[in-house]
Amino acid sequence: MAVGGAVKVDEFAPFPIKDQHPDIDFCVSSSPPWPEAILLGFQHYLVMIGTSVIIASIVVPLMGGGNVEKAEVINTLIFVAGINTLLQTWFGTRLPVVIGGSYAFIIPTITTALSTNNNNNNTNFMFLSPRQRFKHSMRAVQGALIVASFFQMIIGFLGFWRIFARYLSPLAAIPVVILTGLGFYAHGFPQLARCVEIGLPALLLLVLISQYVPHMMKSRCSTYSRYAVLLSVAVVWAYAAVLTAVGAYDNKSPLTQLSCRVDRAGLIGAAPWIRVPYPFQWGGPTFDAGDIFSMMGACFVAVVESTGAIIATYQFASATHLPPSVLSRGIGWLGIGTLIGGLFGTGNGSSVSVENAGLVGLTRVGSRRVVQIAAGFMLLFSVLGKFGAVLASIPLSIVAALYCVLFAYVASAGLGLLQFCNLNSFRTKFILGFSLFMGLSVPQYFNEYLLLSGRGPVHTGATWFNDIVQVIFSSPATVALIIAYFLDCTHSRGHSSTRRDSGRHWWAKFRNFGQDTRTEEFYALPWKLNRFFPSF
């Protein structure tokens, strides 16, 4: 501190601000050699399986389904994810994002399934077989997803999300991206600790291969670190198979066996050898207004969390900031993905896979082609049911070990946006600190209340309204966005330094598509389609 209270400024700051990440091996428009691209694509496929298995394992039993139905839903989820990933990389944001299932849809899906069962208690529904009850519940979920998908398409294709994005500053985006990653902490170490003798070695091996091996070895071993997920999963999965074979878990509790054994998922025996998912495979959809509104709440949360994952992905892929029109276009195609999920009967909507966004950062390969190859693996192994079931039977503690690293990478992308903001401003400190704290605190309250009482803190006579509130305020990223966006747009709005403190001037040149010539390299539609579908 200088005399008189003046702050001394370092004129030789060693870390210049960069709007493109400089330490990436392959960006969006470049690709590694084909053998490497295929391995990296398979790695993306391996990472996205976990969420599909977890979602199906939660909702299918509540619908009345067993292992056969669970295997079919998992294959359908992965098949639709392959289609939607290709559509998003071709016509959406064109970033290397994987479109998979979302935890946000679990609550409305369960509510729809339970309400369907309760509404049919006085009919012959009680005497239906479990598979028929499952189909009946799934058809109700399908109808809700089909109609709710138009909410995402409307805010995307009609430009409402573009308007929102134009007022989104780096300051307001930071809490969203950080909590898009940190918000899934419950799927990390708590799940890993259910079988710590498998999960902890997987976590340590992943960190060792990805972070330490490249610096210890001065050869091509640094290239092999890109396959840290494949190597660590293969080694620990084999270790878990040995423990299972020697009977290490024979006398353990059912929960421990489910988390540790490699033969307890029930998918390999239940999955068919070959099965191609098709639209309306469970029958024609049924429609209920309350279920539709519940799904719309989940669709909004999926849009917010997808926005956070997309911002993280373009940083890891060394692309420029996403123009608002391109982001809105991607959200529109996300709605088409939810529509396709409803038609095929996935029991879940569509969202950008957060763990795959983290994998882009871990591998430093942001190639669009790699993710498109991953989509090919999704389509292939979802049709070859037995082969896909083998990979889907990886113990969840190993999957949780991957999440500990991949979700952390997404959170770090939010921290990377701090370079655009004035951290010496107390306005900046307040907005960041308050939105991050409330983004963690509010969902904790809603989730604890639901766990203890079996219902959310809002319990009016309208179940659909209760679900909307519960889903929105159980999402850390959504709560953080609402608070940070509102404060950034209203707090000290007329002050001369507000714009620079929020970092808006850094993103101003990307406000319109083509204003910065680099945007066309990353986000222009293929086959010169921009002439017919221009971005504004």
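Every residue gets a Cβ built from N, Cα and C, even glycine.
TrEMBL lists transmembrane segment for one of the ranges 97-119, 258-280, 281-303, 304-326, namely 97-119. When Cβ-Cβ distances below 8 Å are used as the criterion, the transmembrane segment (373-394) is approached by residues 37-38, 40-46, 48-50, 52-53, 71, 74-76, 78-79, 81-83, 85-86, 89, 98, 233, 237, 262-263, 265, 267-268, 270-277, 356 of the same chain, each at least six residues removed from its ends. If one looks beyond the transmembrane segment (227-249) by at least 6 residues along the same chain, the residues whose Cβ comes under 8 Å of a Cβ in the stretch are 39-40, 42-43, 46-47, 197-198, 201-202, 205-206, 209-210, 256-257, 260-263, 359, 362, 394-395, 398, 401-402.
Within its own chain, the transmembrane segment (430-447) has Cβ neighbours under 8 Å at 171-172, 174-175, 178-179, 182-183, 421, 456-457, 470, 473-477, 479-480, 483-484, 487-488, 491, counting only residues six or more beyond its boundaries.
Beyond the ends of the transmembrane segment (467-487), by six or more residues, the same chain brings 104, 107-108, 111, 164, 167-168, 171-176, 178-180, 182-183, 293-294, 296-298, 300-301, 304-305, 307-308, 430-432, 434-436, 438-440, 442-443, 446-447, 450, 456, 458 to within a C-beta distance below 8 angstroms of the stretch. Most Cβ pairs under 8 A with the transmembrane segment (42-62) among the ranges 74-91, 140-161, 167-186, 400-418 are made by 74-91.
Residues 63, 105, 108-109, 112-113, 115-116, 280, 282, 285-288, 291-292, 294-296, 298-300, 302-303, 307, 324-325, 327-339, 341-343, 345-349 of the same chain lie 6 or more positions beyond the ends of the transmembrane segment (140-161) yet place their CB under 8 Å from a CB of it. Sequence-remote contacts of a segment are chain residues at least 6 beyond its ends whose Cβ falls under 8 Å from one of its Cβ atoms, and for the transmembrane segment (97-119) they are 44, 48, 51-52, 54-55, 58-59, 62-64, 77, 81, 84-85, 87-89, 125, 133, 136-137, 140-141, 144-145, 184, 288, 290-291, 294-295, 297-298, 301-302, 305, 309-310, 313, 334, 337, 346-353, 356-357, 371, 374-375, 463, 467, 470-471, 474-475.
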